[in-house]
């Protein structure tokens with residue numbers, strides 16, 4: 001898939017993974033319909049932890065002490081973000097959703113995202129996609145903003161359907177459905193390319209950081225989630241997100257460093273012994289200096 005092929009479509013294991021991932025994403029998308037994206041998206045840090053652990057067992061990818069610490073920091077940062085999560089501006093109908101989508105700020109943001117994604121797909125990816133993990137991941141992340149926005153709108157439509165309202169007559173419903181299918185299929189394609197060319201332990205955290213940044217920014221512009229937050233919650237959200245970034249950096253930046261917990265404990269245990277040896281050496285030097293000083297004094301007396 002990294003070279004443009006699609007032979008993995010013939011593998012039953014790939015289809016089983018795709019269906020299980022699709023089920024998880026369906027439940028995840030349902031959460032977007034009932035909660036702010038800034039609250040739902042950080043919980044994806046659990047996927048960073050689970051993917052790193054499972055890849056170390058099933059794909060023989062190493063997870064050293066830096067990776068374990070990175071997983072812990074990712075969970076800690078997600079918890080802080082959830083505690084300080086904002087409340088989104090409530091949207092109860094497709095008409096309100098349509099007015100928000102037509103907001104000039106969101107239209108400008110969407111045009112910039114689409115232009116950046118097209119440049120990456122047609123100009124950058126054919127040249128540098130196999131050598132730089134950010135190319136495929138950025139394509140998935142930029143397109144992910146459209147998929148999350150579409151899911152939010154479809155969630156509102158489902159709520160109205162349950163209230164027996166004729167939402168099937170609204171053209172926005174079909175536009176959102178088409179945008180969702182197009183964006184999700186594009187994400188699956190380029191995510192498979194990234195996973196084929198790079199390790200899972202590397203792709204997953206980088207994708208999480210880029211995707212979370214894009215989705216949170218889109219949510220702020222579209223739903224104005226941060227308009228009702230005080231300074232403390234804003235600082236808490238930003239600090240939690242920075243903690244996640246540090247955790248993901250530790251998870252993949254030192255993935256080739258072979259450091260285990262036992263080696264670290266041995267190093268810590270050796271340091272006190274080295275300190276004791278240095279103290280003994282210092283005492284020996286002092287004693288020799290004292291002896292030499294006494295000898296000098298005796299020589300002076302004799303002189």
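Each residue, glycine too, has its Cβ placed from N, Cα and C.
Under the heading transmembrane segment, TrEMBL lists 12-34, 40-59, 66-85, 105-126, 133-151, 171-190, 202-222, 234-254.
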Apart from its near flanks, which chain residues at least 6 from the ends of the transmembrane segment (171-190) lie with a Cβ under 8 angstroms of it?
18, 94, 97-98, 101, 125, 136, 139-140, 143-144, 146-147, 149-151, 153-154, 157
Hey, does the transmembrane segment (66-85) touch the transmembrane segment (105-126), meaning at least 3 C-beta pairs closer than 8 angstroms, sequence gap 6 or more?
no
By Cβ distance under 8 Å, which residues at least 6 away from the ends of the transmembrane segment (234-254) in the same chain are close to it?
38, 42, 45, 48, 52, 64, 66-67, 69-81, 83-86, 201-202, 205-206, 208-209, 212-213, 216, 226
